[in-house]
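According to Swiss-Prot:
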- C362, C364, H386, C389: Zn(2+) 1 binding site (BINDING)
- C375, C380, C402, C405: Zn(2+) 2 binding site (BINDING)
- 136-152: compositional bias 'Basic residues' (COMPBIAS)
- 156-165: compositional bias 'Basic and acidic residues' (COMPBIAS)
- 177-187: compositional bias 'Polar residues' (COMPBIAS)
- 189-198: compositional bias 'Low complexity' (COMPBIAS)
- 284-294: compositional bias 'Low complexity' (COMPBIAS)
- 303-320: compositional bias 'Low complexity' (COMPBIAS)
- 126-165: region 'Disordered' (REGION)
- 177-198: region 'Disordered' (REGION)
- 284-320: region 'Disordered' (REGION)
- Y361: site 'Histone H3K4me3 binding' (SITE)
- M372: site 'Histone H3K4me3 binding' (SITE)
- D376: site 'Histone H3K4me3 binding' (SITE)
- W384: site 'Histone H3K4me3 binding' (SITE)
- 359-408: zinc finger (ZN_FING)
Amino acid sequence: MLYLEDYLEMIEQLPMDLRDRFTEMREMDLQVQNAMDQLEQRVGEFFMNAKKNKPEWREEQMASIKKDYFKALEDADEKVQLANQIYDLVDRHLRKLDQELAKFKMELEADNAGITEILERRSLELDTPSQPVNNHHVHSHSLGEKRKHNPSSHHSTTDHVSEKKFKSEALLSTLTSDASKENTAGCRNNLSSSSTNNVYNVNASQPLTSYNISSLSTGAGAGAITMAAAQAVQATAQMKEGRRTSSLKASYEAFKNNDFQLGISLSRDSATYSSSALASTLTQTLTSSATTDSRSGRKSKSNNKSASQQSSSSSSSSSLSSCSSSSALAHELSHQQTAAIPESDTNSQVDWTYDPNEPRYCICNQVSYGEMVGCDNQDCPIEWFHYGCVGLSEAPKGKWYCPQCTAAMKRRGSRHK
């Protein structure tokens with residue numbers, strides 16, 4: 001499930017393209033404005049000197065002014081066309097994002113029915129601003145007294161920073177615990193007594209920096225959420241150096257920049273399910289420096305699911321049948337299977353309803369879907385092509401021209417000879 005990495009790679013050049021086009025658009029706008037100012041000045045001089053000159057001079061000046069006005073109008077029309085091209089470019093990437101989201105949602109629903117609704121509802125709850133809970137009793141003082149540097153105020157500031165850091169790190173644990181409450185309430189009483197129970201009592205006076213993600217225990221129903229997070233980090237670590245650095249940085253910034261106010265106590269019983277193997281896998285993946293290509297790391301879901309279900313059924317009681325899907329997903333991460341089986345084309349296709357007004361691309365005259373490649377010829381009438389329609393299986397190196405433009409360039413070359 002590398003839809004995020006693929007989409008980030010696709011829009012990597014988008015900011016530069018937009019910046020170049022906006023710069024060109026701004027230059028054209030300045031050119032039109034300067035032309036209009038000069039024309040207004042010429043019109044004023046024309047009316048001032050019209051009575052003094054002959055009719056032939058007036059006709060000549062009038063024709064020259066009209067010609068310059070039409071040229072300014074053409075420049076303005078070109079600027080509007082450039083703005084429309086920018087709009088189409090952004091709209092094409094937005095539609096691609098919607099398609100990738102639909103594919104990812106269908107994969108999640110195939111593994112755990114109803115999990116996307118829980119994730120979306122939890123995301124809305126976290127996005128809703130809540131009243132911050134003040135766990136540190138800081139006395140109110142005047143503005144001048146607040147600026148004084150004393151040990152007590154310094155200690156409060158340090159505790160607040162540590163608490164903020166702890167809240168961002170505990171986001172994954174809170175997501176999985178709440179999702180397991182809503183989705184797998186009936187599974188908790190059926191787990192065998194051999195599972196590990198961990199109780200966490202967090203106090204504000206304790207050093208919060210000792211919090212370790214490897215000690216987290218999550219509910220059985222939250223296996224899909226934890227699996228998705230671990231797979232994202234794992235796939236990022238398996239990417240090439242350039243993409244891995246940017247993706248990991250984006251993942252860390254997403255956790256650090258979100259200050260979620262967790263006013264509730266984090267002391268809760270685990271759902272009698274041990275995820276130490278999963279947490280250790282996540283920790284090892286964060287520090288790994290594997291440089292294998294991310295596209296070759298996709299596993300076959302059917303083989304992984306069957307193998308993990310067999311191993312989990314041998315070590316669990318028969319009452320785990322209702323929770324076998326989540327436990328199998330968690331067990332899958334702990335074994336790190338190395339066999340990579342490409343997905344079939346039928347699994348990658350999504351039943352997507354297209355807008356009849358959506359632009360058409362490629363030689364097949366269809367809408368944008370899947371992987372597409374752009375022709376480097378600026379005058380290409382089609383511009384974007386599907387990989388399969390032009391016989392490509394991966395991104396071409398260097399400049400690439402479509403079959404029509406290639407044939408046209410060959411014809412022009414033969415004429416010059």
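For all residues, glycine too, the Cβ spot is worked out from N, Cα and C.
Positions of the features from Swiss-Prot, shown on the structure.
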residue	record	contacts (Cβ under 8 Å, 6+ apart)
Y361	site 'Histone H3K4me3 binding'	V367, S368, M372, I382, E383, W384, F385, H386
C362	Zn(2+) 1 binding site	M372, I382, W384, F385, H386, C389, V390
C364	Zn(2+) 1 binding site	H386, C389
C375	Zn(2+) 2 binding site	I382, E383, W384, F385, W400, Y401, C402, C405
D376	site 'Histone H3K4me3 binding'	K399, W400, Y401
C380	Zn(2+) 2 binding site	Y401, C402, Q404, C405
Exercise. How do the residues of the zinc finger (359-408) split into helix, strand and coil according to DSSP?
Worked result: 9 helix, 8 strand, 33 coil
Problem set entry | Residue among the recorded positions M372, C402 whose Cβ has the most other Cβ atoms within 10 Å | C402
Problem set entry | Taken over the zinc finger (359-408), the model's mean pLDDT | 87
For this session: Count the Cβ atoms, other than its own, that fall within 10 Å of the Cβ of C389 (Zn(2+) 1 binding site), considering every protein chain shown.
Result: 16
Problem set entry | Additional residues around Zn(2+) 1, ordered along the sequence, whose Cβ is within 8 Å of the centroid of C362, C364, H386, C389 | Y361, I363, Q366, F385, G388, V390
Problem set entry | W384 (site 'Histone H3K4me3 binding'): tally of other CB atoms within 10 A of its CB | 16
Exercise. Can you count the other CB atoms that lie within 10 A of the CB of C405 (Zn(2+) 2 binding site)?
Worked result: 17
